[in-house]
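A.B. asks: Per TrEMBL, the features are:
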type     : residues : note
DOMAIN   : 256-283  : domain '4Fe-4S ferredoxin-type'
TRANSMEM : 41-67    : transmembrane segment
TRANSMEM : 87-112   : transmembrane segment
TRANSMEM : 155-177  : transmembrane segment
TRANSMEM : 197-214  : transmembrane segment
TRANSMEM : 332-351  : transmembrane segment
Amino acid sequence: MNALHDPVQAPEPVLSTLNVDGSRRWIRPRRSSGPWWRRRLVAAWALIALFVAIPYLKVGGHPALLLDLPRREFWLLGAPFRASDTLLFMLLFLTVMLGILVVTALFGRVWCGWACPQTVYMEFVFRPLERWLEGGWRGSRKLDRHRRHLHPRRVAKVALYAVLSLFLAHTFLAYFVPVEELARWMTRPPAEHPTSFALVMLVAAMILVDFTWFREQTCLVACPYGRFQSALLDRRSLIVGYDARRGEPRSKEILARPAGAGDCVDCRLCVLTCPTGIDIRQGLQMECIHCTQCMDACDAVMTRFGRPRGLIRYGSQDAFEGRAGRALRPRLVVYPIAFAVALGLFAWMLATRPDAEVTLLRGLGAPYTVDRDGGVVNQVRIRVANRGAHDRRFEIALENAAGARLVAPVNPLPVAAGRTGTASVFVVSPPVGFEHGERTVTLRLADGAGFERAFAWRLLGPEADEDGTEARAPGGEAGR
């Protein structure tokens, strides 16, 4: 046979979810109910309760966590963040990224296997329902072999998944829309809010497709976090691994094991139970989410045949290869220190952040005018950004006036929470008292609830050099 015309044969699937011919290989894992599974079960249901409850938790009457897209606000532990809080957002992002580095350095991919919502809902909600409705993992594989996609069991499964997807869609959207507004969406006819209804249906459809069809491919193909975490691991990072020195060479013989055979009996239960379809015995792989199912499966087999548990266990690559290494690595020192510094700086800036920002500007047009009584009129535009969580009213007062008076059409100035209010006030002063066409007065703003700021403001008179200047706070800084 001419080798040039021989078809290229792939030695193994490119991905664990693909067959050699490129078709989809459905993963129907066998559940291994060992001690690690029971620990994950408790953690998973605690996390599910937390995921559902977080949008409803309040801190000081405000959301504990909310990314309010319609209002362009972010709430964290009752503290509001808005588009102008660029530095705080940067520090928060840096703190989160450094936190990921710390967790990965200490515990490996513990997030992927124990806490990620994709894993938690897939393995502890959707997968158990699938096994219950389709007759276990063997029943699911049988339906796959016969391509019975419209079997009543599968139709019932998809219908139940659709109901769960609607619930999860509302829970997910509650992180981005206030729960009070979301409740109005749920209780009013869709015709009154077609855009909101379409958004809920779109999110529900995406969740349904994810858990019905895409499934583990979210972890293997779509999620960048898994690849990011894999890049952070080193040879001394904590992983779930197979002890090849103890397990090899493998032998299926149980009663009359060959001399020199390892402890692995090649039962392949570690492969059958893996939710991403890999063989842990092939070494560290990016697809491994460290879910510990292979550990439970292997420990059960080792116990049954009277061999020590831990053939598959938590460890490091160096430990599995018998290499000695220091437990304290540079990254275990550098990452926590950097995380603590970033977190401390973020907390300090958040605690010392002013809850209002005031800017004073001169009026448009002429720098001053003279009224019919000879008074010199200076217009001042006052802009107040309310960074607090409550609506406030800012009283504007004139001090150190020496005969000048304040004319304010709107005083006090009401400013809603998270909004900016602007008021134009006029300072009318007698023509005397100007030196070189200037005199200084003090404008004070207070809300009666603890906020108070005073600004030195230069009034311009008939003899002033008409070049217009910006408001200055005491000490010569711009009024802000």
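Glycine is no exception: its Cβ is also placed from the backbone N, Cα and C atoms.
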A.B. asks: Need one number: mean pLDDT over the domain '4Fe-4S ferredoxin-type' (256-283).
C.D. replies: 91
A.B. asks: Given the cut-off of 8 Å on Cβ pairs that are 6 or more apart in sequence, determine whether the transmembrane segment (332-351) and the transmembrane segment (155-177) share at least 3 such pairs.
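C.D. replies: Not in contact, no.
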A.B. asks: Going by DSSP assignments with H, G and I as helix and E and B as strand, what are the residue counts for the domain '4Fe-4S ferredoxin-type' (256-283)?
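C.D. replies: Within the domain '4Fe-4S ferredoxin-type' (256-283) the tally stands at 7 helix, 0 strand, 21 coil.
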